[in-house]
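Below is one structure, written out as structure tokens; the observations come after it.
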């Protein structure tokens, strides 16, 4: 197992009496020293993207991962097979970058759908190319999609993404719903300047079309390291912007390990009722219930978006390691998962690897 430092200060994992940190489990679910079970696998297929969202990527000049470093379809299929059949993963989400740019997406989705037990299979996409791919992906075995959409105002969308592609995204949303990739969820990261206005229009748009809006607090994962807490909109800011326009009630259903805090929405007599979620990763962190394990496009396991270390499974794969060795390395990587992401710590330093190179 090879560990690659990311230039971040150590977030030292502490045990809470449930386990000996020196003894990594060799069977059972994928657990850490705090007793959390990771059964949700996020698989990044590429770091490339056809948008340039200001909170994620620079407008130009970002270096892509070399092609030879990216996992091949057979390598992805093998690692997902290990995760599902040996480590207890029940949900697989494909991410990027923009996963629709990965030529092997349909192939990997189909291979995942053939696994037994079959995991839930989902996709997070910017939606630009979804209109022409939704049907084929549904046939391959994809269950549902999350589409990133931060504004339905064309000028605001173009300013945030640095591309005038709103019409393509809206067409992708409609195609996903028509293909049965439901519930269709809309992920929004709000711009500090226009977000209070945008979120009202976004929620009404989603209610009218049967999509589920999820507003995500901006996290310090941009390539330009320009994130500032005092500028980014918080969950409380979002709710304050919505309350003058909608009647909101907390969803009484148990939240479990889901990242979104759900709200029931009444928009008045002319708009369907529904629900929306707020993912308050910064202001109300939910690290204690995190159930995710992450595989980057170049074959690294990350126990957390803000991990201080990565575990290199690609080297094991290409070095001839058997499934037992890969399973053991994966278990060890997750066993040392830190208690939390550390964003609120005074000595927090943003990771070198941006979100586009980790996978959402």
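Placement of Cβ uses the backbone N, Cα and C atoms for every residue, glycine included.
Per Swiss-Prot, the feature domain 'Radical SAM core' maps to 33-259; the stated evidence is sequence analysis.
According to Swiss-Prot, the GTP binding site annotation covers 42, 93, 124, 185, 292, 293, 294, on the basis of sequence analysis. Residue density at residue 294 (GTP binding site): 25 other Cβ atoms are found within 10 A of its Cβ, drawing on all protein chains shown.
Annotated [4Fe-4S] cluster 1 binding site per Swiss-Prot: 49, 53, 56, in sequence order. The Cβ neighbour count for residue 53 ([4Fe-4S] cluster 1 binding site), using a 10 Å radius over every protein chain in view, is 19.
Feature annotation from Swiss-Prot assigns S-adenosyl-L-methionine binding site to 55, 97, 148, 219. The secondary structure of residue 97 (S-adenosyl-L-methionine binding site), as reduced to three states from DSSP, is coil rather than helix or strand.
Long-range C-beta contacts of residue 304 ([4Fe-4S] cluster 2 binding site), restricted to its own chain and to partners at least six residues apart, with a cutoff below 8 Å, comprise 287, 290, 294, 337, 338, 341. When secondary structure is read from DSSP and collapsed to three states, residue 304 ([4Fe-4S] cluster 2 binding site) falls in the coil class. Look at Swiss-Prot and you will find 287, 290, 304 tagged as [4Fe-4S] cluster 2 binding site, backed by sequence analysis.
Counting only the Cα atoms, the space from residue 148 (S-adenosyl-L-methionine binding site) to residue 42 (GTP binding site) is about 16 angstrom. For the pair residue 42 (GTP binding site) and residue 53 ([4Fe-4S] cluster 1 binding site), the C-alpha distance works out to 21 angstrom.
Secondary structure at residue 294 (GTP binding site), as computed by DSSP, is strand. Separating the Cα atoms of residue 93 (GTP binding site) and residue 56 ([4Fe-4S] cluster 1 binding site) is a whole-number distance of 19 Å.
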